[in-house]
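The next block holds one structure in the form of C-alpha cells; read it before the comments.
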Amino acid sequence: MTSAESFCSTSFDYVIIGGGTAGLALAARLSEDPNIVVGVLEAGEHIHEMPEVSVPGMMGQALGNPKVDWAFSTVEQPAVLNRKIFSPRGKGVGGTSALNFLVYQRASEEDYNAVEALGNPKWNWNDTFLKYLMQVETYVPPTDPEIANDPHIGYTTDYHGTNGAVKASFSAWFNDHHAKFMDALLNMGVPINRDTGNGRNIGASVGPISVDPATMTRSHAATAYYTPNADRTNLILLTGAHVTKILLETPPGEPVVATGVEFSKDSQKFTVRPKLEIILSAGTFQTPQILELSGIGRTDVLTQHGIKTILDLPVGENLQDHLTLPFIHEISKDSATFDSLRDPAVLEQQLTLYKTEKKGLLAGSITAYGYLPSEKLFDSKDFLDLQKQILQDTTLTATPSLNKQSAILKKWLPDPNHAQIELLQFPFFLSFGPLPERQEGKVYHSIMIIGLHPLSRGSVHIKSADPFSSPEIDPRYFSNPADLEYMVSGVKFVRKLMRTEPYASAGCKMYDPPEKSAETNEDLSDDEIRDWCRTRVISIFHPIGTAAMMPKDDGGVVDSSLKVYGTKNLRVVDASIIPMEMSTHPQAAVYAIAEKASDIIKAARA
C-alpha cells in the first residue's frame, strides 16, 4: 500500500490513469524494465477476493454494486421507448475484466484487418492482433475427459499462446442442454466451429473463458498482470484515486505537453508529474470525460461548460455498443441451472463441491455460442430489401469516418464468412432490464441475441465541469433502423431454434417473447417482434470508439501509435481507441492492444 503523498513524491517515468483491463497489462509490461518507474491511478479498490468477482458461477452478480461498478446509465433512448439503458463499467483493480461474463472470444480476421483499413498501418490480423492475442494468453485445453471429448471443442496450436498472463480455459460444468443447443444449430445449417480463435468465428462453438483452471477462479487484469508483479518496487498502484484532469502546457509552435495528473483521494487534491508520458486507460466512457475536463475535445462541448479548448478534437464521438435481447424460455424441470443456486441447500452443496473439487455449478460458465452471417438470418428478398435500405441511407456517408466505416460494413453484410448476430446460451433467467417475473417452480434458460455490427453511432460527453459527475452517455441505440432489423432476424432465428430438434426436446417453451400473439393467437408478426425488441433490448456492455484510432481528418482522436493528436506525450490505451465494433466480445482485443502499446512506448523510448 502507498499513500497519495508518497505516490506524488515518486519520480515516475509513466503515469497510467486507470487500473483496469488495459491499464494493468500496460503497467506490468512497462515495468519489466527495472530502470523505468510506473505509477497507476485507480479510482476503485482491490476487489479480487470478492466471490462475486472470483467465482466463475457467480459471474454478473457484482454488476450494479457501487463498490465495483460505476453503474452508468444512458440518457433516454428515443428508439427504445425512451428507456435509460444500464451501462456498467468496472470500478476497482482489474476494471471491467473483473466484472464481465468471462467470455474470452476472438473476432474474425476481417474485423482486425478493418482497423488497418481505417488508416492504421500494420494494425491487422497477421502483423499485430494474432501476435499479441497469443502473447496475452495461456490457453489451457480441457483435461476432464468428458469435456475434452466434446465434439464441439477443438484446439489449433498455431493460433493460441502458452505463456501469457491471462488464463483462457473452458467451463468445468456444461449445462444439461448444451449439446442439444449446439446440435440444433447444426440441424439449422450452422456448421460446428471447433476453434473460433483461428480468425474465422462463424458457426456453433464452445468458447474459452477467462478462468484459471488451477484455482478455478477468474483470470483478470489484477490477478494476471498486477498481483504477480505487485512486489516490483518500480510499479506503484494507488487506489481510491479519482482523476480530475490532466495538466497541459502549450509551448508556442510545438505539440501540447502533458505535464501532470490531478486527482482526488479522501477528499484531498493531489498532483503527480511523470517525466515521460501520461497514458489514459480509463475506458470508453471516462477516457473522453477526462480528456474534455482537461481541455481536449469539441470546442462547442467545452465552451458550454466553461472549459478552455486546448485541442479541438472529436473526443467522445463515434460511440458504438453491442445490443442484446434475452430470449427467455422454459426448459425441462429436472435441469440444473445457475438459478438453482437461489436454493440455500443447493448453494451450500455446490459451495462444498467447488471448494473441495473445483467442480459443479460454481465452476461453470457460458459454454455454447453461435455466430451467424446474414444468409442464416434472412431470406433473399428480405435481405435485398435491407441492403437497399442501407445503401440508400445518406447518414452513413455524412462524415469521412462514417463513410469509410459504412463501406466496410456494407461489404460484410452479404459475406457468408462474417457474423452479424451472435447467440449465447445462458443457463439461467437473465435478470437485467425490463423483464417479466420469473415463475416459481419453472426452470429457465436465456438465449442472448447480440447484434455485432451496429450502424448506429452515438457519443459520450461531460455534462458539467464537475469531474465527479457521470458523463452523458448517448449511444443513440436503433437510430439506424437496420440495427433493429438485424435483431428482429435474430429473434426469428431463435424462434425456429426452439422448434428444432434436439433442442425442442429439452422441454423448450417460449416465455418472453411468447410463442403466440395475445391478440391473434397466431405466431408473432414482424411488427410485434419489433415492438418486443424495443421493449426488451439492453446493452451487452461492449462500448468502444470514443477516442478512435483513425486519421485526424477522418475523425480520429489518436494516431496509430495511440498518441492524442497534437500532443507530445499523451496516449490512450483502452477500448475507446477501437474504431469499429468487432464480431466478438472485446476483452481479449483490449489486452492485445495494451500489449502492443507497451512495445510502441518502449520503442519510442529507445
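Even glycines carry a Cβ here, placed using N, Cα and C.
Heads up, TrEMBL stuff is auto-annotated, nobody curated it.
Model, not experiment: these values are computed from the prediction.
Look at TrEMBL and you will find His542 tagged as active site, proton donor. The active site, proton acceptor annotation in TrEMBL covers His585. Annotation comment: TrEMBL describes Thr96, Asn100, Phe101, Leu102, Val103, Val243, Pro586, Gln587 as FAD binding site. Feature annotation from TrEMBL assigns domain 'Glucose-methanol-choline oxidoreductase N-terminal' to 90-113, 283-297.
Structure coloured by features recorded in TrEMBL.
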residue : record                       : DSSP (3 states)
Thr96   : FAD binding site             : helix
Phe101  : FAD binding site             : coil
Val243  : FAD binding site             : strand
His542  : active site, proton donor    : coil
His585  : active site, proton acceptor : coil
Message: Across the domain 'Glucose-methanol-choline oxidoreductase N-terminal' (90-113), what does the mean pLDDT come to, as a whole number?
response: 98
Task: Could you pull out which residues elsewhere in the chain have a CB under 8 Å from any CB of the domain 'Glucose-methanol-choline oxidoreductase N-terminal' (90-113), counting only those six or more residues past its ends?
output: 18-24, 42-48, 53, 56, 59-60, 62-63, 66-70, 123-125, 128-130, 133, 137, 166, 168, 196-197, 199-202, 207-211, 218, 220-223, 226, 237, 239, 283, 365-366, 369, 412, 415, 417-419, 424, 541, 582-585, 587-591
- prompt: What else in the chain is close to the domain 'Glucose-methanol-choline oxidoreductase N-terminal' (283-297), if you only count residues 6 or more beyond its ends and a Cβ gap under 8 Å?
  reply: 17-18, 20, 70, 72, 87, 89-90, 95-96, 243-248, 305, 307-313, 315-316, 319, 460-462, 465, 467, 471, 473, 543-547, 557, 564, 572, 574-576
Field: Distance, the residue listed as 'active site, proton donor' to Leu102 (FAD binding site) (CA atoms, angstrom)
entry: 13
Query: For Pro586 (FAD binding site), which residues of its chain lie six or more apart in sequence with Cβ-Cβ distance below 8 Å?
result: His542, Ile544, Ala575, Ile578
- request: Fill in the CA-CA distance, Thr96 (FAD binding site) to the residue listed as 'active site, proton acceptor', as an integer in Å.
  value: 12
Message: Measuring Cα to Cα, how far is His585 (active site, proton acceptor) from Val103 (FAD binding site) in Å?
response: 7
Message: With Cβ-Cβ distance below 8 Å and at least 6 positions apart along the chain, what are the contacts of Phe101 (FAD binding site)? List them in sequence order.
response: Met59, Gly60, Ser365, Ile366
- request: Mind computing the max CA-CA distance among Thr96, Asn100, Phe101, Leu102, Val103, Val243, Pro586, Gln587, which the record assigns to FAD binding, rounded to whole Å?
  value: 29
Query: Just counting, how many other CB atoms are there within 10 A of the CB of Gln587 (FAD binding site)?
result: 24
